[in-house]
Each structure stands twice: as C-alpha cells, then as structure tokens.
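Chemist: Supplied in structure tokens, the structure appears directly below.
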Amino acid sequence: MLALFLGAIEQTVVATALPAIVGDLQRFDLMGWAVSAYLLASAAATPVIGKLGDLHGRRIMLLVCMGGFLLGSVLCALASSMPMLVAARALQGVGGAGLIIVAQAAVAEIAGPRDRSRFAGYFAIVWAVAGLIGPLLGGALTDWLGWRAIFWINLPIGLLALAIAWPGLRAFVAAGHSGRIDYLSTLLFAIATTAFLFALTWGGVRYAWTSSQVLGLFAFAAVVGFAFALRQTRVADPVLPPMFLRHAVIGPALLVGLLTYGFYIAVAVLMPAYYQIGLGLSASHAGVLLIPALVGGAISALLGGRHAARSGDFKGPVLLGFPIAIAALFAMGLFAEQLTALSASLLLGAVGFGIGPSTAIINVVAQNAAPARQLGSVTGAMAFVRTLGTAVVATAGSALILLRLAQAGIGTAHDGASARSLSELAAQALSPSARELFRAAFGGLFYAAAAGLLLAAIVFMSIRSRHLRVSTEPELAAAAEA
C-alpha cells in the first residue's frame, strides 16, 4: 500500500510547487512538462512493466521500479535546469507506474480471486488520500523547506515501503513464469504511445490541431501503433496479448475502464476551471470543492469491494452506482448555468459515489478472467486504457469548451484547445455574462460524460459472468470462445 501511495501521490504533489520550481530554474515554457513528462512516461511504461512482472516476478520488479523511482527523485531534487528536471520526472514516471502496477498485481497474486475486490476498495482509499493531501503536502514542503524537499522526502518513504514489502513478496509471490520480453514490441509501443500523447498535449496549445506537426504526430502514432498490433499477433509472448480484446470478459472490462475513467476523471480535472472561471473562486477553494467527489468515490469503492468479496457478485454494486452518476451528470448538464459552488460540489460528489464501485471492481473483473501468468499484463493493460481514456476525453472536453467560447467571442484558440488554454483564460477578467456563458459551455461536457457512462453501463451489462470465481485459475480458452 505504501508503494502504491508513493506512485499515486507523485502525480499531484508537484502541482502546487510548480511556481517555485519555475521561479528557481526559469524556462516557464517547460512548466507543464514537469507534470506531463511523468504522466507520459507512466502511460508508455505500464503494459511493459506488467509483462516484465509476469516474466520475472513481482519481487524483483518492485526493487527495479523502486530503484528507478528513487533515482528519479534524487535527480529531480538535484536538478539545476528545467530540461534536467523534466528528464528526471520521466524516469520517476516509469518507476512510479511500476510501483502501482506491481502493487496491484502482487495483491492479485497473493489474494484469492474474491478477496481482490476487497483490496481494490483499499486501493481506492489510497488514491483518494493521495489526491487530497498531495497538493497540500507539496505546498507545505515548498513553503517550509523549498521545492526540492518534495522529492527528497520520497527517499525515506520509499526505502520503508521496500523494507516492509520485500519479506512478504519473498514468502508469497511467485518467481515469475516462463517466456521472454519482446523488445521490438516494447519499443514500438513506447514510440506509438509517446507520439499520440505528444499530439494531444501540443494540439491547440503549441500548434493548431490541423497543423502538419500535430497531424503528422497522429499519423506517425497510427502507423507505429499498427506495426505494434501486427507484431503482437506474431510473437509467442506479446506485451499486450490480442486475446485480451477478443475475450468475453477482459475485452468489455477494458472498454468499461477506458470509458469510466476517461469521462469521470476528465470532468474532475476540468471542474477546477468551472469553479475558478465560471464562478470566480480561488484555486484553493476550487480544490476544496473536489473533496466530496474523492471521499464519495472512496467510500462507495470500499463498500462495493467488500460486497463483491463477501458474495462474489461484482455486477450489483456497479449497476447500482452507474445510474446515480449518470443522473448527477445529467443534472449538472441541465443546470450548468445556474449551479452554485455547493450544488456543483455535491453533484460531483454524487458522481464520484456512483463511479466508485466501478473503479474498484473493474480491474478485479479483468484479473478474475486472466490466468496467473498474465496478471501483470492485464493489470498493465487496464492502467494504460484508463490513462488513454483520460487523456483523450480531457483534451476533447477542453477543446469543446474553448470552441464554444470562441464562437461566443470569449477567449482565443486555434481550432481547439487544451486545459492549458483554460488556465490562461482563468487569468483574464471576465464579465458576469461571460462567466455565465462559460458555465453554459460546460453543459456539453456534462451531457457527454453522462452518455459515456451510459455506454459503459451497457457494455458492463454485456459481460456474461456475474460472480467472481473461487478457483485461482480461470478457464480462459472457454471464456474466449464464449
């Protein structure tokens, strides 16, 4: 849990320290990359690390990933320039992604199939706590000890996590399974993912969406991605087994994970802009208003996970939660112009509460259908589609909002925009009517998120299995043919 917490909190702790970092190292133009480098590297590394864990065992991968994470932390703390910090953050991102994947896969290997859902509820609490205290811890350490302290503090915590987990993994976790990593597949996947996410990051911010740079990156990512997919059908040990997509349980579970995380996290990421620009609140006030969503999601994830562990029924909590989230999002869309800070926060809390069981259980559903030798691979695949969904929907959502504002004569953008453009808009003095138009522009995002979750619920209902298995090894071939 401590290793998972390290990987989770590092995604948020840097945000509040960014002004101090840029003030010290200069290069304001690279400020966003202190965050993006971590996320990009994490997304590209997750499936590969999951596969390596299957082949070489969770114990050795925990050591490697913790080593990479701590080395990246030291290099961040010692950074003398923004390019050095960005490179170190990328190394940190690879290690941080590994800590999360190894922790989840190790628990899946140690725990019985049904008990995994109970632990998934605990994981949700860890994520919620990390999301709550990350920005606060980053700000406090920066004010008291300087921004480098947010990286130095990882050393004692990481070493403590390793000391606690190492004996347990030696006793319980398998040493790995036969096979080998296909390095060409790894390279192709990393290149395709990085190019695609670069295009999303730059589109509408550094270059127009229709520019040759952005379109070229999308085209390049598509070609390399096709080569990667073709390679997966021809190697004995694919990084992302094509069977996952054809599987009657894993395939839909991955799609549900992509849709659920994509639309929910995109809304949560963009809501601070709604609070700050649409309602004129401060950044700290906007952060406080996200707490109901984090707490509500953690509580329902814990309850849903415990129910699934006790009864084996994984569909009930999820299908009970989806209508709550969809109804809350529909209400947010219907009253987007009239929402107050309190009503918006409470409705977003209802969304988080409704989504919670899905975020806890869907990963377990996919693990439940996979053989032990592929637990890391399926866990990494789920982490990747979640990251991909979040990146795509958040980018599309912010582009849609800025486009509607541009049509109303508010703000300027290329043919679309990203969250960075929303941040720049927050610095402008807007009239009350402009703020009302901004709130109205969010209505489309809320309706789209409700539709996305409705589609996720329909896909989830299509999963034929209803109960988590009791045996440790599923009948994979039979399920694939179903």
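Here the Cβ of each residue, glycine as well, is placed from N, Cα and C on the backbone.
Quick paste from TrEMBL:
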type: DOMAIN; residues: 1-468; note: domain 'Major facilitator superfamily (MFS) profile'
type: TRANSMEM; residues: 60-80; note: transmembrane segment
type: TRANSMEM; residues: 86-107; note: transmembrane segment
type: TRANSMEM; residues: 119-137; note: transmembrane segment
type: TRANSMEM; residues: 149-169; note: transmembrane segment
type: TRANSMEM; residues: 181-202; note: transmembrane segment
type: TRANSMEM; residues: 208-230; note: transmembrane segment
type: TRANSMEM; residues: 250-274; note: transmembrane segment
type: TRANSMEM; residues: 286-305; note: transmembrane segment
type: TRANSMEM; residues: 317-336; note: transmembrane segment
type: TRANSMEM; residues: 342-366; note: transmembrane segment
type: TRANSMEM; residues: 378-403; note: transmembrane segment
type: TRANSMEM; residues: 440-461; note: transmembrane segment
Chemist: Cβ pairs under 8 Å only, please: of the recorded stretches 60-80, 149-169, 250-274, 286-305, 317-336, which one is richest in them relative to the transmembrane segment (86-107)?
Modeler: 60-80
Chemist: Return yes if the transmembrane segment (181-202) and the transmembrane segment (317-336) have at least 3 CB pairs under 8 Å (sequence gap of 6 or more), otherwise no.
Modeler: no
Chemist: State the mean pLDDT for the domain 'Major facilitator superfamily (MFS) profile' (1-468).
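Modeler: Here the mean pLDDT over the domain 'Major facilitator superfamily (MFS) profile' (1-468) amounts to 83.
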Chemist: Does the transmembrane segment (60-80) come close to the transmembrane segment (149-169), meaning at least 3 CB pairs under 8 Å for residues 6 or more apart?
Modeler: yes
Chemist: Please check if the transmembrane segment (250-274) comes into contact with the transmembrane segment (60-80), where contact means 3 or more CB pairs closer than 8 Å and the residues in each pair are separated by 6 or more positions.
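Modeler: Judged by the Cβ rule, the two regions do not touch, with the required three close pairs absent.
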Chemist: So which of 60-80, 119-137, 440-461 is most in touch with the transmembrane segment (286-305), counting Cβ pairs under 8 Å?
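Modeler: Going through each listed stretch, the top one turns out to be 119-137.
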Chemist: Could you pull out which residues elsewhere in the chain have a CB under 8 Å from any CB of the transmembrane segment (60-80), counting only those six or more residues past its ends?
Modeler: 3, 6-7, 10, 25, 49, 52-53, 87-99, 102-103, 106, 148, 151-152, 154-155, 158-159, 161-162, 165-166, 169, 176, 376
Chemist: Quickly jot the same-chain residues contacting the transmembrane segment (317-336) by Cβ under 8 Å, restricted to those at least six beyond its ends, or write none.
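Modeler: Residues 264, 267, 300, 303-304, 307-308, 343-344, 347-348, 350-358, 361-362, 439-447, 449-450, 453-454, 456-457, 460-461 contact the transmembrane segment (317-336) from elsewhere in the chain.
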